[in-house]
Amino acid sequence: MGYKSLALLSAVHCRTFLQLVKSICSYRLSRYNHFLPYTAAFFCSQSKNMSDLKELWEALKKVDSNSLLKKHLTPARYEKLKNKKTKFGGTLADCIRSGCKNPDSGVGIYASDPDAYTVFAEVLDAVIMDYHKIDKVTHPVPDFGDVNNLNIGDLDPSGNLIVSTRVRVGRSHDSFGFPPVLKKEDRVKMEQVSVEALKSLDGELAGSYYPLSNMTPEVQKQLTDDHFLFNDSDRFLKAASGYDDWPTGRGIYFSANKTFLCWVNEEDHLRLISMQKGGNLGEVYKRLVNAIHQMEKKLKFAKKDNMGYLTFCPSNLGTTMRASVHIKIPKLSQRADFKSICDKYNLQARGIHGEHTESVGGVYDISNKRRMGLTEYEAVTEMMRGVNEIIREETSS
């Protein structure tokens, strides 16, 4: 073969090679262009989250606040945690947004999802230990006591002081995040699986489910006034994304005689509530324990070995139990030492329409303050002893 033939063959091979390279580059560029919007969206989202977090952090640094968030989110902790993200996509901004926007918060920090208690443990553990007055983040295994042999009865046999008694627990599905990271379809899916489990309840727990989306304003108001239903009026929860997509995915289940309720997708995924008129704490507690056991046969709830059951707000961790009475204490509530008496017996006093509300007519909602570091049975008996002392103080005033 002559030199001219070799040159011609080489030129053909070269052109073929160049065409191949061009095709590969064109293909790769088209793929790059295809993913560019998603890549750009990702980085824009990251940038927006960081910008949002920076603004929140700057606001928190400047504001005068007594919240546990302000106390425990130090500059060093902020720097360590600011770029972290949970497996649910939760960020530090999701956790602290409400506390930064509401400097009068008591706690000021929420968990974006169950994984936040691990990823943001540096600050959440400090808040948990401070709020629950414990030296170490630890919690015993659940123990509801022997419900057939309870040393708990009627706290007000005369019926003169206690208007009603309620015991509730919060529960979170282990496969879903908390409000800041939930999408509308997540709320709908959680509602579906929750209602399926609720409809399996039997005996005195059997009842019906009523979604908020199908409820008239008049019915909502009546159920709220009767202390059966929740609303979307809490500014602390609102700032924490607690009311996003309202009222989608939310509703209430109650038994035929309305002594057992379940709130779906309020603050927590589920709030199981046992309640009745008068002061028979034993009956109320036993009914709730029955409901918990039946629900746990159907659903898997989020737990952590050293924290117990996981909830949106770290103040509810552990047993998640809140045992309360609506009680008439017009004399005691006017005394200067009222708060110190409540503190002495680990009780919390608040208005009858929930947290951050005022008392009406001398009637207060009195409940156990400690939820973590003790068992469910210990929590309810601590509340019982405290309420007995409140009654003694009121009647002797």
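For all residues, glycine too, the Cβ spot is worked out from N, Cα and C.
Taken straight from TrEMBL:
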{"type": "BINDING", "residues": "164-168, His227, Arg271, 322-326, 350-355", "note": "ATP binding site"}
{"type": "DOMAIN", "residues": "49-133", "note": "domain 'Phosphagen kinase N-terminal'"}
{"type": "DOMAIN", "residues": "161-397", "note": "domain 'Phosphagen kinase C-terminal'"}
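Computed over the domain 'Phosphagen kinase N-terminal' (49-133), the whole-number mean pLDDT of the model equals 96. Residues in the domain 'Phosphagen kinase N-terminal' (49-133) partition by DSSP class (helix H, G, I; strand E, B; coil) as 52 helix, 2 strand, 31 coil. Sequence-distant contacts of Val167 (ATP binding site), defined as residues of its own chain at least six apart whose C-beta falls under 8 angstroms from its C-beta, comprise Ile273, Ser274, Met275, Leu281, Val284, Tyr285, Leu288, Met321, Arg322, Ala323, Ser324, Val380.
Taking the binding-site residues Arg271, Arg350 in turn, the residue surrounded by the fewest other Cβ atoms inside 10 Å of its Cβ turns out to be Arg350. Around the Cβ of Ser324 (ATP binding site), 25 further Cβ atoms fall within 10 Å across all displayed protein chains. Summarising the environment of Ser164 (ATP binding site), the number of other Cβ atoms within 10 Å of its Cβ, over all protein chains shown, is 18.
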